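Student: Reproduced below are the annotations present in TrEMBL:
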- 41-289: domain 'G-protein coupled receptors family 1 profile' (DOMAIN)
- 26-48: transmembrane segment (TRANSMEM)
- 60-81: transmembrane segment (TRANSMEM)
- 101-120: transmembrane segment (TRANSMEM)
- 140-162: transmembrane segment (TRANSMEM)
- 207-227: transmembrane segment (TRANSMEM)
- 239-259: transmembrane segment (TRANSMEM)
- 271-289: transmembrane segment (TRANSMEM)
Amino acid sequence: MEAHNYTLVTEFVFLGLTSRLDIQPVIFGVIFAMHLITIVGNSLIITVTWIDPKLKTPMYFLLSQLSTIDICFTTITVPQLLIHAFSRSKTISFTQCMTQVFFFVAVGNMEGYLLAAMAYDRYVAICTPLRYGAIMTQKLCICIVLVFWLLMFLNSLLHTILVSRLHFCSNRILHFFCDLPPLMQLSCSRPFINELVILTEGITATLSPFIFILVSYVCIVVTVLGLRSTAGLRKALSTCSSHIVVVTLFYGTVIRLYFQPVSSYTLDRDRQVAVFYTVVTPMLNPIIYSPRNQEVKGALRRTLSKIFQ
């Protein structure tokens with residue numbers, strides 16, 4: 001059996017986005033601005049969907065949950081990145097690192113399942129509109145969200161336990177937060193069990209909602225093609241276009257980054273992808289939904305007028 005030199009790791013050191021000190025202020029300014037837009041934009045979505053009576057529907061309840069997830073998703077990683085931009089100490093304890101992994105994986109997977117719930121909502125609204133009120137009740141939506149959270153916490157716990165049991169030959173993480181691929185890359189031997197779980201249970205848990213979304217949209221397309229009304233066709237497309245864009249952004253980055261062997265993990269490329277889905281995508285979601293949705297824009301105007309009048 002091959003011998004490896006490893007020590008008990010009590011903390012990790014982040015190497016960050018770049019080692020160039022001259023561009024650190026630029027990186028800090030850009031990411032801080034995007035993080036601020038993310039918090040403000042998603043907070044506005046949550047506020048108007050909870051306050052405005054016209055948005056007390058399952059679709060907007062799920063949209064408010066998506067905004068909540070986006071806030072959690074970016075808050076798990078970005079504040080730490082901003083602090084480390086000008087800090088000499090870029091360390092994180094082993095326990096804090098594993099905690100970050102747990103919540104990051106749980107919240108990240110939860111977004112996929114919530115997008116699947118939103119696809120089902122659009123399927124019911126377009127394919128069986130007369131039964132929409134009876135099927136998509138507030139109670140059903142709350143139950144769906146709670147069950148999904150439970151499943152995602154259990155799924156995340158599995159991955160966190162497996163990565164915490166690895167023997168690390170180094171504590172220098174080639175990343176700006178604790179994530180599965182960079183931690184697995186520090187393992188003294190190939191983390192075969194971790195890779196196997198990601199490529200089996202991980203693929204199943206991640207791609208199941210994606211397949212469900214595709215099936216839902218196939219049914220929607222079949223129904224839409226059968227519509228004789230041009231106005232009905234435009235309305236159906238307008239209610240789905242924002243969701244399709246968000247699904248494309250989310251699953252494009254997830255599949256690109258996670259479903260590959262650890263040996264093919266490259267620092268610069270995957271850190272750029274990580275910045276996109278931890279900083280850019282959560283900022284874009286409220287921007288994508290609001291301008292395309294007249295009800296959201298109207299609710300925003302009414303809420304803002306109440307605040308500033």
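Glycine residues also receive a Cβ, built from the backbone N, Cα and C atoms like all the rest.
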Student: Across the whole of the domain 'G-protein coupled receptors family 1 profile' (41-289), what does the mean pLDDT come to? Round it, please.
Tutor: 85
Student: State, in range form, which of 60-81, 207-227, 239-259, 271-289 has the highest count of Cβ pairs under 8 Å to the transmembrane segment (101-120).
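Tutor: It is 60-81, which has the most Cβ pairs under 8 Å.
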Student: Would the transmembrane segment (271-289) and the transmembrane segment (60-81) count as touching if the test is at least 3 Cβ pairs under 8 Å, pairs 6 or more apart?
Tutor: yes
Student: Six or more residues out from either end of the transmembrane segment (239-259), which same-chain residues have a Cβ under 8 Å from its Cβ atoms?
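Tutor: Distal contacts: 66, 108, 111-112, 115, 118-119, 122, 125-126, 180-181, 198-199, 202-203, 206, 210, 213, 217, 220, 270, 273-274, 276-277, 281, 284-285, 288-289, 292-293.
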